[in-house]
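Notes for the one structure printed next.
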Amino acid sequence: EEIQRETAYPDGKVEKVLKNGCHLVFFPNGTWKKVGSDGKTVTITFFNGDVKQVMPDQTVIYYYADAKTTHTTYSDGLEILQFSNGQIEKHYPDGKKEITFPDQTIKNLFMDGQEESIFPDGTIVRTQRDGSKTIEFNNGQRELHTSQFKRREYPDGTVKTVYVNGQQETKYVSGRVRVKDKDGNIIMDTKL
């Protein structure tokens, strides 16, 4: 672009105004700033390779050169971080965070302490604040993990519970109940 005017300042800064209306400012440390002809689009290229862009809608895009990470902040407060390994984090204004890992697993972190992970195979794990978990498998089975027991529910209605003392209880849809001790010995079976 053709230069309309160039000004050198005593501190070593140099400002160039281009005929298209853009302003370029060069700093002695190697950082430079470009203000677009609209006066609203600003790009700062830092001496370390980082780049900060401010868009007309006030979206700020910051690229960290060393980490190869882009951090975008939108005017509504949404922040998106994109890492070089493919991980993407979304930080919402309400405090919720959504992380998409390179393998496409998605983890949601909620303000109340709950977490939800959605795996590529369709398995969903929900963790409550108290540490209890619900796991929903893509084959229709569900598991509930608490500090007292682990319970698996099968699509046919069968429910198997393993307690912290090792005792197992299986309830079948027919009404049959079988209980085993921690060593696997049957201590009760109501065969119908």
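In case you wondered, yes, glycine gets a Cβ from its N, Cα and C as well.
Lifted from TrEMBL, the feature list:
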type	residues	note
DOMAIN	4-34	domain 'Centromere protein J C-terminal'
DOMAIN	76-103	domain 'Centromere protein J C-terminal'
DOMAIN	112-145	domain 'Centromere protein J C-terminal'
DOMAIN	149-179	domain 'Centromere protein J C-terminal'
Excluding the flanking five residues on each side, which residues at least 6 beyond the ends of the domain 'Centromere protein J C-terminal' (76-103) place their CB within less than 8 Å of a CB in that stretch?
67-70, 109-111, 120
So how many of the residues in the domain 'Centromere protein J C-terminal' (149-179) end up helix, strand or coil by DSSP?
0 helix, 17 strand, 14 coil
